[in-house]
Amino acid sequence: MEIELAKSYGFCFGVKRAIKKAEQIKDAATIGPLIHNNEEITRLWKNYNVKTLNDISELSTEQKAIIRTHGITKQDLEKLKQKDIEIFDATCPFVTKPQKICEQMSKEGYEVVIFGDENHPEVKGVRSYVSTKAYVVLDEKELFDIKLPSKIAVVSQTTKKIEKFMEIVNFLMLKVKEVRVFNTICDATFKNQEAINELAKKSDVMVIVGGKNSANTKQLFLIAKNYCEDSYLIENEKEIQKEWFSGKEKCGVSAGASTPDWVIDLVLEKIKEYTKIN
C-alpha cells in the first residue's frame with residue numbers, strides 16, 4: 001500500500017513560535033491549553049514544567065504565565081496584568097489581527113459579524129474586542145432574522161473554510177449598505193485545507209492526526225471525509241486499527257496545525273507496520 005503525506009500539514013508558524021517560547025521560558029503556567037494537542041501539552045509539562053490551568057483564578061505560586069496561541073479575552077488580559085506575575089504572550093499574530101480589526105471597526109461605529117464557533121477560545125477573545133455589537137455565526141442562515149445595521153465589518157475564525165466565509169460575505173453584501181470584509185483565515189489553514197482536498201480525492205483511506213478539540217484538525221477531517229469515506233481522525237498512533245488498511249491501495253495522511261512532527265512520525269511507523277502484515 002502506498003502512503004502519501006499531504007503537501008502541507010502539521011505545525012503552523014504560530015504554534016512553532018508558541019512551543020519555542022514555552023521551551024525557553026520553562027517553569028510556567030498557561031491559561032487554558034497552549035495549543036489544542038494533548039500529546040504536545042503533556043511533553044511540555046513533563047520536560048519543561050509548563051502546566052495548564054483552566055482559569056486565571058487558579059494562579060497561585062506561579063511566577064510566569066503564558067498566554068495561549070488562541071489568545072484570551074480583553075477582560076482576562078486586564079485581570080492577568082493585575083497579578084504580580086511575569087506575562088509572556090504566545091497569541092498567534094494571525095489571531096491578534098482580528099482582535100485589532102474588531103477593536104478599530106467598533107471605534108468607527110461598525111457592528112461586527114464573526115464567522116466562527118462562539119465557544120472556541122479564539123472567538124471568545126476576538127469578540128471581547130468588539131465594543132459595539134457582535135454577531136457570531138457559523139452559517140449565513142443565522143443572519144436571516146436579524147435586523148442588520150447599515151455598517152458591518154466581517155472577520156473569520158482563523159481556521160475556518162474560505163468557501164463558507166464567502167457565503168456569509170455574499171449574503172451581507174446583498175443586505176447591508178456598507179460591508180467591510182477582512183479575510184482573517186490564516187494562510188497555513190488555507191494551504192492545509194487545499195492539500196487535504198487534493199490528497200483525499202486520490203486516496204481510498206485517509207488518516208488525519210491531531211487533537212480532537214482542535215478546530216483546524218476537525219475541519220481537515222470533514223474535508224477528507226467529503227471525498228474519502230474511509231477517513232479517520234486520531235490523536236496518536238495507539239488509536240490506529242489495522243483493519244482500516246485491509247484491501248486499500250493508497251493511504252493519505254495529514255495533520256492539524258498543532259500536531260508535532262514526532263507524533264506524525266509515530267503514526268507513519270504504525271501504518272507501515274500494519275500494512276506489512278496485510
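Cβ atoms here come from the backbone N, Cα and C positions, even for glycine.
Close to GLU122 (active site, proton donor) in the fold, though at least 6 residues off in sequence, lie HIS70, GLY71, VAL95, GLY116, GLN157, THR158, THR159, ALA215, each with a CB less than 8 Å from its CB. According to Swiss-Prot, the feature active site, proton donor maps to GLU122.
Listed in sequence order, the residues of the same chain lying 6 or more apart from CYS12 ([4Fe-4S] cluster binding site) and placing their CB within less than 8 Å of its CB are CYS92, CYS186, ALA188, THR189, ASN192, ALA257. In this structure, CYS12 ([4Fe-4S] cluster binding site) belongs to neither helix nor strand by DSSP; it is coil. Per Swiss-Prot, the feature [4Fe-4S] cluster binding site maps to CYS12, CYS92, CYS186.
The (2E)-4-hydroxy-3-methylbut-2-enyl diphosphate binding site feature in Swiss-Prot is assigned to HIS36, HIS70, HIS120, THR158, SER214, ASN216, SER258; the stated evidence is sequence analysis. Long-range Cβ neighbours of SER214 ((2E)-4-hydroxy-3-methylbut-2-enyl diphosphate binding site) (same chain, at least 6 residues apart, Cβ-Cβ under 8 Å): HIS36, ASN37, GLY256, ALA257, SER258. Look at SER214 ((2E)-4-hydroxy-3-methylbut-2-enyl diphosphate binding site): DSSP puts it in coil.
Marked as isopentenyl diphosphate binding site by Swiss-Prot on the basis of sequence analysis: HIS36, HIS70, HIS120, SER214, ASN216, SER258. DSSP assigns HIS36 ((2E)-4-hydroxy-3-methylbut-2-enyl diphosphate binding site) to coil in the three-state reduction, placing it in neither a helix nor a strand.
Marked as dimethylallyl diphosphate binding site by Swiss-Prot: HIS36, HIS70, HIS120, SER214, ASN216, SER258.
By neighbour count, meaning other C-beta atoms within 10 Å, the densest spot among the binding-site residues THR158, ASN216, SER258 is SER258.
Highlighted in sequence order, ILE35, THR69, GLU122, THR159, GLY211, ASN213, ALA215, THR217, GLY256, ALA257 have their Cβ within 8 Å of the centre of the Cβ atoms of HIS36, HIS70, HIS120, SER214, ASN216, SER258, the residues recorded for dimethylallyl diphosphate, and are not part of that set.
Of the residues the record lists as binding dimethylallyl diphosphate, namely HIS36, HIS70, HIS120, SER214, ASN216, SER258, the two whose Cα atoms sit farthest apart are 15 Å from each other. Other Cβ atoms within 10 Å of the Cβ of CYS186 ([4Fe-4S] cluster binding site) number 24 in total over all chains. Between the binding-site residues HIS36, HIS70, HIS120, the minimum number of other C-beta atoms within 10 Å of a residue's C-beta occurs at HIS120.
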